[in-house]
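*Asks:* The feature ubiquitin cross-link is assigned by Swiss-Prot to Lys16. Residues or ranges marked as domain 'Fe2OG dioxygenase' in Swiss-Prot: 194-293. Summarising the annotation, Swiss-Prot assigns Fe cation binding site to His218, Asp220, His274. Annotation comment: Swiss-Prot describes Arg284 as 2-oxoglutarate binding site, evidence class sequence analysis.
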Amino acid sequence: MVVKNSIKFNSQSERKSLEETKVPPIFGLPPDALDDKKPTSDFAVPIIDFAGVHKSREAVVEKIKAAAENWGIFQVINHGVPLSVLEEIQNGVVRFHEEDPEVKKSYFSLDLTKTFIYHNNFELYSSSAGNWRDSFVCYMDPDPSNPEDLPVACRDAMIGYSKHVMSLGGLLFELLSEALGLNSDTLKSMGCMKGLHMICHYYPPCPQPDQTLGTSKHSDNTFITILLQDNIGGLQILHQDCWVDVSPLPGALIINIGDFLQLMTNDKFISVDHRVLTNRVGPRISIACFFSSSMNPNSTVYGPIKELLSEENPPKYRDFTIPEYSKGYIEKGLDGTSHLSHYRI
């Protein structure tokens, strides 16, 4: 793992030694933060089949509506992204994270304005403990990185996968618009697809899974997130005050509602709190694609959609810009609280 305030990369033998011993204090969480790691319910995250999305669109929209309103998350199968593309992006993430340390070192940065960033985790600088993972971030749209600036290990896989994600994202925003009772192009016309960045996580095996987390409890500062996880598991969501496993489903993609969409829908859709547990087995790989321009320049002002408001349903949030929201979100860190509360009227 990358050590705080130091650009130091351990050899594979050193990493293996660390994984076989114990969790360093910098990653340790207090016991009360980890006393509920086992699922506390038998709930199951909704699974929606997109195979008939064009023939039975209304039925799919109703399922998305129910999931977005009650869960804030759902899994999609038969979504149109080839299995070979899903496998290749996962393989590409592994190839990069298991590259020679000197190769990865050249990409290490804490500068969020760079188009490709390799880092341990930003929580080390804003929270009391770090998370047990390595990650890289890449901005793919609207101003994609020069392919030559991307690591060879994952370059083609990232470019290919992001094209499929943009296509699926377009369909999802149409269906979500219809689920709100609006024209299908409403969310796209409001700029919800203006930005896409990809965060690729590598969770090494953890010698003491009861001592730390892979990712702390948080919601996403996005419109929506499209997540691909491998078969190891560990992702949990908070539903009705219970932690629920998001069980791996081969070939499926996970869609979760982000903070921006909860605000814009005036709480009609909910942004889901989630976290990732550590595991003695690994590495665990996940690829999260965020529809959000994040810290990139964007002066668009967002707020509750006027067509959804009425005397009985007045605005619950004040307006915001994405850079403004993202700055506060990052400064706050993954402390288990929602940044949405700062915008509630």
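Placed from the backbone N, Cα and C atoms, the Cβ positions cover glycine too.
Here the structure is a predicted model, which means the values were calculated and not measured.
Tell me about the surroundings of these features in the structure.
*Replies:* The Cβ neighbour count for His218 (Fe cation binding site), using a 10 Å radius over every protein chain in view, is 22.
Taken residue by residue with DSSP, Arg284 (2-oxoglutarate binding site) is part of a strand. Using a 10 Å radius centred on the Cβ of Arg284 (2-oxoglutarate binding site) and all shown protein chains, the other Cβ atoms total 26.
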*Asks:* What's the CA-CA gap between His274 (Fe cation binding site) and Arg284 (2-oxoglutarate binding site) in angstrom, rounded?
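*Replies:* His274 (Fe cation binding site) to Arg284 (2-oxoglutarate binding site), Cα-Cα distance: 16 Å.
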*Asks:* If one measures from the C-alpha of His218 (Fe cation binding site) to the C-alpha of Arg284 (2-oxoglutarate binding site), what distance in angstrom results, rounded to a whole number?
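*Replies:* The separation of the Cα atoms works out to 19 Å.
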*Asks:* Can you give me the same-chain residues 6 or more apart in sequence from Asp220 (Fe cation binding site) with a CB-CB distance under 8 Å?
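*Replies:* Long-range Cβ contacts: Asn256, Gly258, Asp259, Ser271, Ala288, Phe290, Ser292.
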*Asks:* What is the number of residues in the domain 'Fe2OG dioxygenase' (194-293) that are helix, strand and coil, as DSSP sees it?
*Replies:* 6 helix, 46 strand, 48 coil
*Asks:* Give the sequence-ordered set of same-chain residues, not counting His218, Asp220, His274, with Cβ within 8 Å of the centre of the Cβ atoms defining the Fe cation site.
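*Replies:* Leaving out the recorded residues gives Thr215, Lys217, Ser219, Thr225, Asn256, Ser271, Val272, Asp273, Arg275, Leu334.
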